[in-house]
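Colleague: I have a structure here, written as structure tokens, and I will follow up with some questions on it.
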Amino acid sequence: MIEEPKSDGLHIHPASKPEPASCSQTGSSPTESEYEEAQEFAIPTARFWGLCVGVLLGLFLSMIDTSIVATSLHSIGVDFEVLEDVNWVALAYTLAYLGCAIVFARISDVVGRRDAFIAAYIIFFIFSLACGFAQNLNQLIAFRALQGIGGSDGSFGSSIIPSQLKPAIADWFSGPVGFLSLLIFVFTWPKAEYLPNIQRRAWREVDFFGSFLAIAAAVLIVFSFQNAGTSKSNEAWDTVMFVAPLVCGLVACFVLVTWQIFIQRRWHDRFAPAFPISIFKNRVYSTAVINTLFNGFPYLLLIYAIPLRFQVVSGKSALIAGIMLLPMLGTSAIGSVIAGKINATKNFTFESLLIGSCFMTLGCGLLASVSHRSEDAKILGYMSFCGLGFGLTVASSTMLSMVEVPMRDYAPAQGILSQVRLLGGSLGIAASSALLNEKSTSYLVGILSPYEQATIGSSDTHLSNSQWSAVRHTYSDAFKVEMEIAAVVAACSVILTFGSFRKQRFLIAEQRAIIVAQEAARRSLTTQAV
């Protein structure tokens, strides 16, 4: 059911999982013939850089969108007078993003990486503009959900495409932001002779049922917690609106796993599962997925909770609150560069994951110690630890997926990483909403009217000094509890990271060569069988 090789996409990926038990950085390495089979052509340096600029600018737009919305969320809630429901603007994007990440991964196996990336970028760009013209909160939430569909491919696609092309020099990317990035991407896409020999999947091989189950499981579980968390009733956790979506989501998870096991045993390589269970037999990759889930929770929570604290407790504008996110965003980029650099020649992915998780735990723990006063300088310093830790873990988990997963499952493996990161982050946002709602119900009822609570910070809402003091205490107390929970979740990631430890391991380049050689052998056997 696999079609003839074509030349307008990138790799599709191998059968056996490479988890050598007796391999070391100083021990035996792949044979010369394996290296010859793994040889990949290097595209011209200028074209490679141009392509990376186009891809990374698309990723930049997708990622910077999160920060922009996070800093504007409070203002959006005040403008629409629905401050308690405004987190749905963030969750609409993240839920659509995580729901479609795996779907786009498999679609790219059918239409090619280039066409899938272009389609996703256009969707993202169009509905980003539409968000600016939204007239009410419901329209904005709908446009954000559609925007998230496009953003889901811009993220994982940018990690697939550069890794499958071998440049003559290291991959360092920079460039302007705008629609020009799409044109750069299109015009710098490599010619056929520079592309790996890929095998396309057919539409009939795409696991649409599994994709539906993956979306339903993620969306229903997060929806149940967010909906109950923003309810004014203390009994919301016992209502059918919480229990029913949660149970349905858990059932969808069970059916998804059962379905994936069934199609793997029934059709093997003749079907492209949306959530390939076989890759989780690899202990190292499974650990990277779990680490990504647990670090996504505190990071996305921080992205939304910190600007809110700056605006309400410290009295900063949305613009200044956004600028004050830069230490965390900047150190996140630095962490990614460091992880890529140290693992380029040696395999220290376990150490990178462990240290990154420790930094995240340290940062969240320190943020939990911030008092109710405006201690912006401390917050800026502490959040830098979180950013550095997140950058180390993201880059390391991405590199692990490149060398631990069979090549035919590389696209869904990247999609799964993106999905679980956003799943953890969505649960973090939902937890933040629930905690803030609980604190507001406990502290502000009787002090502020419902309208005043919905428009805190609006120019039309005039609060007395005592009312503002109560508001600041409420928001800072909620932030403190959020950071305590985030620190516990991050600490769990530290413990679980030890699952990726190997005493003996290959270098990244050696492990990659083994995977490519295994894919060549698999294709050879497939050809002989045909």
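Even glycines carry a Cβ here, placed using N, Cα and C.
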Colleague: Between 318-340, 410-432, which stretch does TrEMBL give the note transmembrane segment?
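Modeller: Checking TrEMBL against the ranges 318-340, 410-432, the transmembrane segment one is 318-340.
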Colleague: How about the transmembrane segment (86-105) and the transmembrane segment (208-228): do they have 3 or more C-beta pairs under 8 A, pairs 6 or more apart in sequence?
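Modeller: Stretch pair touches.
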Colleague: Using a Cβ cut-off of under 8 Å, list the residues of the same chain at least 6 residues beyond the transmembrane segment (284-306) that approach it.
Modeller: 17, 19, 66-67, 70, 73, 87, 90, 94, 321, 324-325, 328, 353, 356-357, 360, 364, 367, 379, 383, 386, 389-390, 393-394, 396-397, 400-401, 404-405, 413, 416-417, 420-429, 431-432, 479, 482-483, 486-487, 489-490, 492-493, 496-497, 499-500, 502
Colleague: Determine which residues of the chain contact the transmembrane segment (352-370) at the Cβ level, with the cut-off under 8 Å and only residues 6 or more beyond its ends counted.
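Modeller: Those are 287-288, 291, 294-295, 298-299, 302, 335, 338-339, 342-343, 378-379, 382-393, 395-397, 400, 476, 479-480, 483-484, 486-487, 490-491, 493-494, 497-498, 500, in sequence order.
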